[in-house]
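Student: This structure is in structure tokens; I'll ask about it shortly.
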Amino acid sequence: MLHLTIVAVGRVREKYLVAGIAEYLKRLRPYARVRILEAPEEKVPDKPSPAGVEQILASEGRGIERLVPPGSFTVALDREGVMLSSEELAGRLADLALAGKNEVALIIGGTLGLATSILQQADLRLSFSRFTFPHQLMRLILLEQLYRAFKIQRGETYHR
């Protein structure tokens with residue numbers, strides 16, 4: 001069974017997102033052990049300077065690095081990353097399990113994204129779209145796609 005650790009910057013406060021996340025965590029239980037770890041989110045000024053942006057990203061990056069399980073296959077969610085179909089994601093997860101890589105960390109950045117150091121260390125940079133999504137919403141989208149991937153792997157109804 002895969003162990004998935006979602007490392008995300010900040011907390012989710014919106015009730016509808018909290019409910020959706022809880023629902024998909026429950027649905028995923030038969031397929032994988034999933035946990036969400038939260039790194040501290042830095043306050044972003046209205047118009048941060050380039051140096052301020054780098055400082056915020058570096059601080060959040062250090063928080064992320066402390067939470068990523070050692071030896072895990074790391075996936076950084078990045079708008080500029082590779083795009084996979086749901087079927088391709090299912091295949092990648094199956095390949096990781098077959099290769100004995102049972103610990104996978106999926107990293108979601110904060111308002112400003114992810115530090116360059118996090119992106120460079122990632123085993124895979126994954127994009128869900130060229131659109132920018134709120135990082136809190138991205139947790140729900142990621143969990144839904146993980147659930148869909150496991151259903152696809154097992155040939156169970158859900159995916160259309």
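Here the Cβ of each residue, glycine as well, is placed from N, Cα and C on the backbone.
According to TrEMBL, the protein has these features:
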BINDING   L77, G109  S-adenosyl-L-methionine binding site
Student: Could you tell me which three-state DSSP class G109 (S-adenosyl-L-methionine binding site) falls into?
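Tutor: For G109 (S-adenosyl-L-methionine binding site) - judged by DSSP and reduced to three states - the answer is coil.
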Student: Who sits close to L77 (S-adenosyl-L-methionine binding site): which same-chain residues at least 6 apart have their Cβ under 8 Å from its Cβ?
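Tutor: Within the chain, L77 (S-adenosyl-L-methionine binding site) has Cβ neighbours under 8 Å at L106, I107, I108, G109, L114, L126, S127, F128, M138, L142.
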Student: Over all shown protein chains, what is the count of other CB atoms within 10 A of the CB belonging to G109 (S-adenosyl-L-methionine binding site)?
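Tutor: So the number of other Cβ atoms within 10 Å of G109 (S-adenosyl-L-methionine binding site) is 26.
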